[in-house]
Every structure is written in structure tokens, then in C-alpha cells.
Amino acid sequence: MAIKKRSATVVPGASGAAAAVKNLQASKSSFWGELPQHVMSGISRMVPTLIMGGVILAFSQLIAYSWLKIPAEIGIMDALNSGKFSGFDLSLLKFAWLSQSFGGVLFGFAIPMFAAFVANSIGGKLAFPAGFIGGLMSTQPTQLLNFDPSTMQWATSSPVPSTFIGALIISIVAGYLVKWMNQKIQLPDFLLAFKTTFLLPILSAIFVMLAMYYVITPFGGWINGGIRTVLTAAGEKGALMYAMGIAAATAIDLGGPINKAAGFVAFSFTTDHVLPVTARSIAIVIPPIGLGLATIIDRRLTGKRLFNAQLYPQGKTAMFLAFMGISEGAIPFALESPITAIPSYMVGAIVGSTAAVWLGAVQWFPESAIWAWPLVTNLGVYMAGIALGAIITALMVVFLRLMMFRKGKLLIDSL
């Protein structure tokens, strides 16, 4: 006799509801998991534009104010019209003016490039134009139309640009909107070109126009205006508090998510020309230099080797990577003994970065280490801040490890 298999009893709707909940949770986790990657895609494409613009602008300043010795209070155009320059010097000054103008244009394209590539990362190449348009409107917003009761006339006014905040919001929204429309709007094959070259671009452009004018520009402009007001009111103290916060967030996880978030904030202020990126750039290199230095001085200071054998060559590697702008060389030290490494390099990064900012070091160009050092204002002070932070890091980690070793809480295999 054949044995009939019993089928499992299925409760109608139960499995479907469970699957729906599971899919909803997966989509939420997928959204928040993928979003940082999309943002970093935009930042990585924006940085070369900023560097190109920054380097060319730096050429103009070096030629005009270092080579030709123009007084700092005089602009390049004023120097051209002064009649004091002729021949080769006049040609150099014309080139400086061209470099200044062209570099400024490149800087203006940084935020649109960021928004375009964030949208492209989310919604594909169909979302690229919408992101670019949104980024451009975040820096060059549409004039506001107002009715003046006193004159009974319509007039326009210039809103506060939403800049990086607006570009971030519109690029994400536009990217997902284009992605959704591309999936939902199904047309016959012979209308595919119409969909991709006309319908989706027009719909996304209209959406960007309305969203930027009525929502994002007012919101982002309000935030930017508030930030500028607070920083202006706080003056030097506000800049120093910002430097301390950015340095701490940059150093704490050595290239991890907190570091990336700090980079996002620093880039937004730098591209808006509100605050320079000095503190972040210094805080990137201090931890690996300081921990590498600790492996060199530990025996000289204490008479003992306080690191495991494999960390000594890694210390030299970390120092080399630091000069390339890579902080991840310090990760082995943080993993091996977080209680000694993390407080040490955080204190060093905060003190070194804040000291450099306080003493007048300024870096507007969004790169770190040797790639940006030639473009730093007050480079001597900047390097002194790095040295101070690295020395503090090295001394702290050496004496913390010595204290833990004496208490029997640290085992070392290189004695």
C-alpha cells in the first residue's frame, strides 16, 4: 500500500504577511546600507574636480602674490589695471587672472558633479542629468518671485543657496525617483528611445525644478544661513570647536563609518567655503604617524619593547601610508590594544589639529598628506600641528602600555 505524504497545513495569508514584513525589513536595511556607498561614489567623483580647481587657483595666487609680489589687499584685476606691469610680468599676471577665473569655474562644478554621480549610482545613467541639474540649482538657485504690495509689482529676489545639503537631498530623491519611474513605466519596444531620451528626462527635470524651488532650496538655505550665523557669532571659538569635533570624529575609527560621516560634513563646509578642511586633513595622518613613532621610541624611553614583534614593521608601514594620506595603517594597533591606542591617537589628533587651526594653518583643498601640503597656507604651523599630535600620540601609547604591562594586563612577545 502506498503511503501518502501529508502536506503541511498552510494558514492563508500568514506566509504572505511574513514574507511581506521580511521584504520590508530587507528593503529598509538595504536602503540604509547602500546609501553611504552612493554618497561616497559622489564624493569620490567630486574630489578630482575640487583638486583641479584648487591647484589651478593656487597657481594664480602663487604667481600673483608670491612671484610678482602683489600686495595681499589688491586683487589681480586691480594689479592689471595699475599700469605697473609690462612685458613678461604682464603676461604672467594675465595667466594668473585666467587661472583664477578657470579655477573658480571648476570649483563651481564640484557640487553638481557630486549630485550627478550620487543620482547615477542610485538610478543609473538615466538619473545622471536630474542629479546634475539639482546640484547646479543647489549652487545657483532659481530667483524667487515675490509680489511687492507697496509698488503693486512683481519682483525677484535671490534665495540663500542650499549648496551641499540641497545637492545631497535632491540627488538621493531624484536617483530613486528615476529608478522607480524606469521600473514602473513600461512602454512597447518601439517607444523605448522615447522613454529614455524624452519622457524620463522631462519628468525628472520638472520634479527637480519644483522640489528645489518650493522645498529643498528654502530648507537648505535656512540651514546654511543658521550655520553661518552661529559660526560668525562664535568667531574663533566656533572654528576651534568645529576643529576639535571634526578631528575626533575623523580619528576615532580610522577610515570607518564615523570617519566617513566626518568627511561628509567637512567636505560640505569646504565646498561651500564656510570652513576649511584643515582639522580633518591633519587628523587623518596623526594616528598612523604617532603609533609608528611609538614603535621607534618605546625602548629608548622605557628600556623595554612594549609592542608585539609583528607590530614593529607595521609601525613603519603605518608611517609611510600616513604620508600618502592613508590612516588605515594604524588599525592593527587599535585591534591589538584598543584601550591604549584609541585614546592616545584621539587626544593627539584633537590637540594637533586644533593647535594648527588656532595658529593659522589653512587648507581648503580636500586632500590630505603630501598631495595637499604644497597648497597649505602657513605650512610650517600645519606641519608643527602634525608633529605635536604625533608626539602626544606616541608618548601616551608608550606610557599607557608600560603601565598596563607593569600591572600584568598586557602580554608582550617581543621582550
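Numbers here mean position along the shown chain, with the first residue as 1.
Glycine is treated like the rest: Cβ placed from N, Cα and C.
On a predicted model such as this, the values are computed, not experimentally measured, just so you know.
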Swiss-Prot topology check: E236, L400 same side of membrane: no
For the transmembrane segment (379-399), I need the partner stretch with the highest count of C-beta pairs below 8 angstroms, choosing only from 102-122, 127-147, 277-297, 342-362. 342-362
Would you say the transmembrane segment (127-147) and the transmembrane segment (277-297) are in contact under the rule of three or more C-beta pairs closer than 8 Å, pairs 6 or more apart in sequence? no
Under an 8 Å Cβ to Cβ limit, what residues of the same chain, 6 or more beyond the ends of the topological domain 'Periplasmic' (363-378), are close to it? 47, 50-51, 54-55, 58, 266-267, 270-271, 273, 276-278, 280-282, 284-285, 322-326
Please work out whether the transmembrane segment (158-178) lies in contact with the transmembrane segment (47-67), by counting C-beta pairs under 8 angstroms that are 6 or more apart in sequence and asking whether there are at least 3. no
Mean predicted confidence [pLDDT] for the topological domain 'Cytoplasmic' (259-276): 78
